[in-house]
Amino acid sequence: MANIAAKRIKREFKEVMKSEEVAGGAIKLELVDNSWTELQGTIAGPPDTPYEGGTFLLEIKVPETYPFNPPKIRFITKIWHPNVSSVTGAICLDILKDQWAAALTLRTVLLSIQALLSAAEPNDPQDAVVAKQYRDNLFLFNLTARHWTNVYAGGPSNITDFNDMVQRLLDMGVEEHQARVALSTYDWELERATEQLFS
Amino acid sequence: MDRSKPKNASEGIAPMGITTINDIADSNQPESRYECPVCLNWLRDPVITTCGHKFCNSCITSWLQNSGHCPIDNINLSMKVDIFPDNYTKREIQQQRMSCPFADKGCTLKVTPLDLDAHIAACEYNQPETSNQIDIKIPCSFQAVGCKETFKSQEEMNAHLHNETQSHMSYILNAYSEMKINNDMNASIDPKEQEAMILWEPDKNEGQNPAPPITNMGTLIRALYERVVVLEQRNREQDIVIANISKQLSAFAVAKNKQNQDMLLRYCMGNYVWRIDNFQARLDAMLKDHYKMLYSPGFYTSPNGYRFCVRLNISPQNPLCFALHVHLMKTEYDDCLEWPFNGRISFAMINQYEPELSQRDTMMSNSSLIAFRKPTTEICVRGFGYTEYAVVSNVVKNGFVKEDCLIVRVHIKCV
């Protein structure tokens, strides 16, 4: 790893460790190995959002050319959000792309991603299906996001209706995550989801 | 439905990784006004932008190769017109001095923050403490047959392999015979063979087994041979131990002898007997070269008192005569003494055939002479005594030299 990148990541790591966000539990950062090229971030779901109470893991890959190029970050924890791919966890955030600036740090990036959870950008979506639901049926979007947070991120709201529907598909032999994706995609209409799964 | 994944993850996150941070880097953390926002290090060749941000020259240059904006506020920046050297900050940073992080190991160097990393890499105190921290020990390659030695380096092991060939042979023999016994036992042969292995405890062996079967002979010889090897090895080891101990003993004797002499000089109470051995040879040398002088060791008037030595040489004024002087010498407690020295100095050149003919002289010190002031050199350059003490030929002829040895007794008493 390039000297400047490794040095900077080490300093940033310390900065994050000392920050009040870490102390308050809002974000966390840990090493995956000792190479400093891969780290794992954690952000807490922001309050007053469907993600509240959830813990979201992020994969952070630091390129050789860091900080002249942005770190590559994606969600490991599955999340229902217009700007995050529900399949790959890829994040659509300008500062991770063309708006990256060398003065940004892992701490500010993690905080930006956390802010993205509070304020989605449905007009610049990463996941078109989620964004459509966000625009057309915000109430259902919130319920779905809360359900995903509960199931994948340890969130508190257990939505019984959704659980039941997933269970119905499970009984039909469908894999759990596949069932949840189908139901979420078709606005929790069991028939349409089933149709899609078995067509 | 309940997934344990998020729970596991949060448990894993806790404080891990914090110990892997290099502590050395800690001490070199710049203040924010001297920190480059790109490399987060001390500003190196600092430049300032038109929007008022400071960067290392190389950092902002690299950044602006792919971007036209300030890394901090996204204002359009052009390398040509918006970047200026910030020599004020450069000077401020160069005036800072930081201690080497190995100061506790003894490095006293203080360098500018910019030079610190280079110094750390080259610092002679930056030695990996392999012996203390990482205790990796290589076991002897004969470990499998019972050698318990371990080594810090391959070289050490090689030396061990070289020196301990014999004991390793015996280890192998041991292992081999054990294997053999096991094989033979497996073949359900009389376990008496095993007893043969302990033949060197004859009472046991003979009592129980007066006539070992002839099939055991091979094992017996092997066991005996092995025993011989072990004893030879032990013998060799003990020879070495004995050699070491006698070396130590003679060193002790030398040290003891020296200590005795020192004690005599210190506790002679100003009463010193100077035996000049090999007198004829020394005299010849002095006659050949009149600048050659004989000095006695320094002796004390009391255990922590004045220290004098005696000088015997051919008189520079009259080459037929000996000159005899005393010189004050420095001691560690000179400051506790009174200066100038005041006392009586007696010389006696002993006639070793007729002691009553010994030549005796007594003088009083003269406090106005430099010779009796506190010495400023190891031996005071000015002495006190006789420039024409005795005629050389008389000393040799008239019985003062016996068995090639001249004896001069000096008695110095403070008054």
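Glycine is treated like the rest: Cβ placed from N, Cα and C.
Noted in TrEMBL for the protein shown:
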DOMAIN    B:36-74  domain 'RING-type'
DOMAIN    B:269-412  domain 'MATH'
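Through the fold, the domain 'RING-type' (B:36-74) approaches residues 28, 30, 81-86, 89-90, 93, 113-114 of its own chain, all at least 6 residues removed from its boundaries and within a Cβ separation under 8 Å. Counting residues of the domain 'MATH' (B:269-412) by DSSP class, helix then strand then coil, yields 25 helix, 60 strand, 59 coil. For the domain 'RING-type' (B:36-74), residue counts in helix, strand and coil come to 10 helix, 9 strand, 20 coil, using DSSP.
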